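K.L.:
Input: one structure, supplied below.
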Amino acid sequence: MRLVFGEKDTPYEEARVVVLPVPYDLSLSFLPGARRGPEAILLASRELEPFLLELGAAPEEVGIHAAEPVPWVAGMAEESHRLIREEALRHLRAGKWVVALGGDHSVTHPLVQAHREALGDFSLLHVDAHADLYPEWQGSVYSHASPFYRLLTEGFPLVQVGIRAMDRDSLRLARKKGVALFPAHRIHREGLPLDEILRALGKRVYISLDFDALDPSLMPSVGTPLPGGLSYRQVVDLLEAVFREKEVVGMDFVELSPNGQFHAEMTAAQLVYHAIGLKGLQAGWLSREVDHI
């Protein structure tokens, strides 16, 4: 059987990258199932070609270890978030680069907290269909609609790309707090403003990507799909630019809700694997075997 994200089994002690499954979705407000996202991505990753032609390298060669899923406590959001933060922190303190697989988008808050505790300050790049800036949703501050409100109040600089749904209060908050907003409709009309996005980010960046940033024609298996999303090429171009120009301290990919359409899981797995390869090239763990293809 092919192993996840490549053909090489990298022991934890030797791995540079830890893929951390976070199968938590207690805060979803529409379609359920994001708790099955991590397992579906890992299963799909077994079918990927280890060598990525576009990168001219095989990301598996950085040394990838898939950790055990983070446990969570039914009906106890605060305790579940504590467990997520502590598990991420454990891997970070061991010197690993962590890419987390959600789960709903509420998991980003404890993941980012763990990264700041371990690594210091950085800015946030949030790629999503939704702004996720509600102070609370359906009575909970731990909602998947609220993580970036909480992170803003904790002082994180925020850049949002691909947004298609945002209420008036969230827009006012974003303007007040200096959020750099690059909505999907502008990207479709004017092109992807990479130079502006890069200027808005700090030198060190944490990336959080909700799969519903992609158009539902490409990524139907999400909890809250919206038309008018980004293409796979636009997302890859964005990631390549950020990894090329910035130090990416960590990532999460969230909100895949498998519904039997396996092409969505394959797309998600390919995107995660590509990002790991970009980190490998950025950090010098990989070198391009082939240029100018």
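Start at 1 and count along the chain as shown; that gives each residue its number.
Placed from the backbone N, Cα and C atoms, the Cβ positions cover glycine too.
Per Swiss-Prot, Mn(2+) 1 binding site is recorded for HIS105, ASP128, ASP132, ASP210. Residues or ranges marked as Mn(2+) 2 binding site by Swiss-Prot: ASP128, HIS130, ASP210, ASP212.
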K.L.:
Using only C-alpha positions, which one of HIS105, ASP128, ASP132 is spatially nearest ASP212 (Mn(2+) 2 binding site)? These are the binding-site residues in the record.
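P.N.:
For ASP212 (Mn(2+) 2 binding site), the closest Cα among HIS105, ASP128, ASP132 is found at ASP128.
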K.L.:
To see if you understand the setup: which same-chain residues, six or more apart in sequence, place their Cβ under 8 Å from that of ASP132 (Mn(2+) 1 binding site)?
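P.N.:
ASP132 (Mn(2+) 1 binding site) has long-range Cβ partners HIS105, HIS126, HIS144, ALA145, SER146, PRO147, PHE148, TYR149, ASP210.
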K.L.:
Using a Cβ cut-off under 8 Å and a sequence separation of 6 or more, which residues in the same chain sit near ASP128 (Mn(2+) 1 binding site)?
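P.N.:
Correct list: HIS105, GLN160, VAL161, GLY162, ILE163, SER208, LEU209, ASP210, ASP212, ALA213.
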K.L.:
Fewest other CB within 10 angstroms, which one of the binding-site residues HIS105, HIS130?
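P.N.:
So among HIS105, HIS130, the binding-site residues given, the one with the fewest Cβ atoms within 10 Å is HIS130.
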K.L.:
Using DSSP with the three-state reduction, classify ASP128 (Mn(2+) 1 binding site) as helix, strand or coil.
P.N.:
coil
K.L.:
Would you mind checking how many other C-beta atoms are within 10 angstroms of the C-beta on ASP210 (Mn(2+) 1 binding site)?
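P.N.:
The answer is 27 other Cβ atoms.
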K.L.:
Other than HIS105, ASP128, ASP132, ASP210, which residues of the chain come within 8 Å of the Mn(2+) 1 site, judged by Cβ distance to the Cβ centroid of those residues?
P.N.:
THR108, HIS126, ALA129, HIS130, HIS144, PRO147, PHE148, SER208, ASP212, ALA213, VAL254, GLU255
K.L.:
For ASP212 (Mn(2+) 2 binding site), what is the tally of other C-beta atoms lying within 10 angstroms of its C-beta?
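P.N.:
I count 29 other Cβ atoms within 10 Å of it.
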